[in-house]
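Presented below is the structure to which this report refers.
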Amino acid sequence: MRKIIHIDCDCFYAALEMRDDPSLRGKALAVGGSPDKRGVVATCSYEARAYGVRSAMAMRTALKLCPDLLVVRPRFDVYRAVSKQIHAIFRDYTDLIEPLSLDEAYLDVSASPHFAGSATRIAQDIRRRVAEELHITVSAGVAPNKFLAKIASDWRKPDGLFVITPEQVDGFVAELPVAKLHGVGKVTAERLARMGIRTCADLRQGSKLSLVREFGSFGERLWGLAHGIDERPVEVDSRRQSVSVECTFDRDLPDLAACLEELPTLLEELDGRLQRLDGSYRPDKPFVKLKFHDFTQTTVEQSGAGRDLESYRQLLGQAFARGNRPVRLIGVGVRLLDLQGAHEQLRLF
């Protein structure tokens with residue numbers, strides 16, 4: 001049985017701003033772009049979240065919810081440096097590390113000799129060291145697979161630890177609301193509710209075939225998650241192929257015009273994610289992904305196209321024309337050139 005830890009820093013960017021400027025502590029704080037330039041919230045303090053402010057929200061909306069919100073421009077050089085320090089701590093326990101972002105990672109400690117192989121004690125020690133050495137907090141989840149470890153890390157946020165043992169998996173998953181499953185947004189949850197499915201226990205009552213008929217290949221994934229099954233390995237040093245931002249809408253967007261209205265906010269968030277990349281990648285082909293109301297999806301990309309609003313408008317128009325029906329999800333992204341991988345290939349010759 002595997003032992004997987006999911007580590008997630010608590011409001012990472014905001015935590016570092018408060019660490020480096022004590023006058024910000026205890027304040028409603030958001031890190032992100034200017035509200036005058038369609039800026040979005042990269043992250044925010046828990047004091048800001050109490051007002052309803054959330055990551056990826058338009059900064060203008062955030063300020064309406066919390067007029068006293070303090071807005072700080074991001075310092076990605078600082079965030080990258082601290083992320084490297086956190087990963088150095090991880091490597092003291094295992095080399096099997098899969099980074100998801102600057103502030104989030106999976107660790108496979110199945111074969112780790114530390115603390116007699118106790119994943120719980122390893123997670124406790126990582127949390128202690130990050131707090132003592134870097135003066136920020138992280139939350140951790142321990143479980144037999146990645147799906148459950150990620151859910152566990154969110155269970156007692158902030159500054160928490162939650163453990164799901166192999167013996168607890170079946171009962172824990174049975175009580176989970178289907179909305180907790182990866183890929184299940186509000187629209188899918190409502191669709192499942194109309195089928196009488198609200199928990200994973202409800203999902204288990206049906207057959208895998210019926211879910212596949214209703215949701216396509218996603219139905220098979222749903223069935224596996226409802227049974228606590230996730231065989232995905234921790235992918236060590238997996239090089240990124242792309243950077244993207246996706247949004248699943250509470251209500252399907254009825255036409256192309258409605259889809260186009262969502263582009264500026266999505267592109268602002270995409271630009272923020274691109275800024276967080278290290279220098280071993282170079283942005284290449286832009287792409288747009290659409291998922292229609294019937295769960296069919298399409299992706300359009302174009303070599304040589306720019307990454308400006310007009311280029312994405314054209315790609316979105318092409319993607320919409322392939323389905324020409326209401327849209328439940330829009331994704332925008334960029335394929336990446338792996339400069340590090342290319343350099344390593346050259347060295348081989």
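Placed from the backbone N, Cα and C atoms, the Cβ positions cover glycine too.
Annotated domain 'UmuC' per Swiss-Prot: 4-185, in sequence order, evidence recorded as sequence analysis. The Mg(2+) binding site annotation in Swiss-Prot covers D8, D103. Marked as site 'Substrate discrimination' by Swiss-Prot: Y13. Under the heading active site, Swiss-Prot lists E104.
DSSP gives Y13 (site 'Substrate discrimination') a helix state. Ranking the recorded positions D103, E104 by how many Cβ atoms sit within 10 Å of each one's Cβ puts D103 at the top.
The secondary structure of D103 (Mg(2+) binding site), as reduced to three states from DSSP, is coil rather than helix or strand.
Note on the domain 'UmuC' (4-185): mean pLDDT across this stretch is 94.
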